[in-house]
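Participant: Have a look at this one.
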Amino acid sequence: MKQESSFLAKLANGSLVLQILVGIIAGVSLASFSHEAAKQVAFLGSLFVGALKAIAPILVFILVASSIANQKKNTQTNMRPIVVLYLFGTFAAALTAVLLSMMFPTNLVLVAGVEGTSPPQGIGEVLNTLLFKLVDNPVNALMTGNYIGILAWGVGLGLALHHASDSTKQVFADVSHGISQMVRFIIRLAPIGIFGLVAATFAETGFAAIAGYAKLLAVLLGAMAIIALIVNPLIVYVKIKRNPYPLVIRCLRESGVTAFFTRSSAANIPVNMALCEKLKLHEDTYSVSIPLGATINMGGAAITITVLTLAAAHTLGIQVDLLTALLLSVVAAISACGASGVAGGSLLLIPLACSLFGISNDVAMQVVAVGFIIGVIQDAAETALNSSTDVIFTAAACEAAENKAKLG
């Protein structure tokens, strides 16, 4: 009995990544053995994602307010370089997608458009939506997971409490610590949640439906892999002047894997916060940069918008010159930063990019439908890239600031 409890204790306290790997293998095995049984355990995945999504808004709000309220005077938060990295990384992703799409042009088999979807009419509408999310009712922002509004109100409350008594600030610090403990508990349940998610995904879709779009997926995933394994490490190396791969691989392993299966940047915020804490990053920095990254750091979305738009142009025989491709990179990068402000995310911003080439809205919506077909893989890979990059760039900016402080 003692040996059994000792084994269970070791299992519970062991490597989370190994446990997640076991969950993935078990999920695939169950789905291969019995589709019905796999569908029965789908609720485990839904519960896990639901728990992360439920705690993420209050975690961000309290952590941001507490960090700013308890911030010492003249403390550097390094937010400017992080925002610059986010924007540059998103543009680099769009540019990489353009180059890869031109090297490997793809034809789409267009299907019927998605019913009941309403894409934005222009970049102005996307920015307008984002601005109004900024001044959303704070209670509504917490209820709906509007992280732009949550950040704005969290920063506002933190600044207002900056001159409050020490006991008031301590209450916020204690509540913040308590919520972080709850997050740690939820993250320990990741292997069970991912087991349910993998089993359900394989049972419901398999990969037969996506086989017809193999070349399109190869271009999409190839662009994302280049960003994750070549471009991002290069950017990090320029910032920290040392081998970037230990940091990049750790972030992909501990943040990217979870994000891949939850397919939600919002649900992955608590995971990223916990990883930043493990990396011993500045709490005043990551408490703001991680939720901000979940909103504007959208390299994966920029790739999706660019690749599908250029595939549509190639299918219709539209010639794309270098200047137009460059303009598409800029539009895709700006649109991607606003993806969180659009219901349906990156896919519903495709008609906006298609309008650059005079592609009609009807055809553009058929391209969106193709996006939904490959969404099982596209959305998962996009989220993994977006979410892991948030931690990578935050860590790079923090380390660069520390190195600068040591030198001078």
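Quick reminder: no glycine exception, Cβ is built from N, Cα and C everywhere.
Reproduced below are the annotations present in Swiss-Prot:
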type	residues	note
TRANSMEM	11-31	transmembrane segment
TRANSMEM	43-63	transmembrane segment
TRANSMEM	82-102	transmembrane segment
TRANSMEM	141-161	transmembrane segment
TRANSMEM	192-212	transmembrane segment
TRANSMEM	216-236	transmembrane segment
TRANSMEM	290-310	transmembrane segment
TRANSMEM	316-336	transmembrane segment
TRANSMEM	363-383	transmembrane segment
Participant: With a cut-off of 8 Å between Cβ atoms, can you find at least three pairs linking the transmembrane segment (316-336) to the transmembrane segment (82-102)? Only pairs 6 or more residues apart in sequence count.
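Facilitator: Yes, the stretches contact each other.
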Participant: Quick test of the contact rule: Cβ under 8 Å, at least six residues beyond the ends. What residues does that give for the transmembrane segment (216-236)?
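Facilitator: Beyond its ends, the transmembrane segment (216-236) has Cβ neighbours at 85, 88-89, 92-93, 96-97, 100-101, 104, 106, 108, 210, 244-245, 247-248, 252, 256, 299-300, 303-304, 307-308, 311, 370, 374, 377-378, 381-382, 385, 388-389, 392-393, 396.
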Participant: Short question: which residues 6 or more past the ends of the transmembrane segment (43-63) have a Cβ under 8 Å from it?
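Facilitator: Hits for the transmembrane segment (43-63): 141-143, 145, 147, 150-151, 153-154, 157, 172, 175-176, 179-180, 182-183, 186, 189-190, 192-200, 261-262, 264, 266-271, 273, 283, 287, 291.
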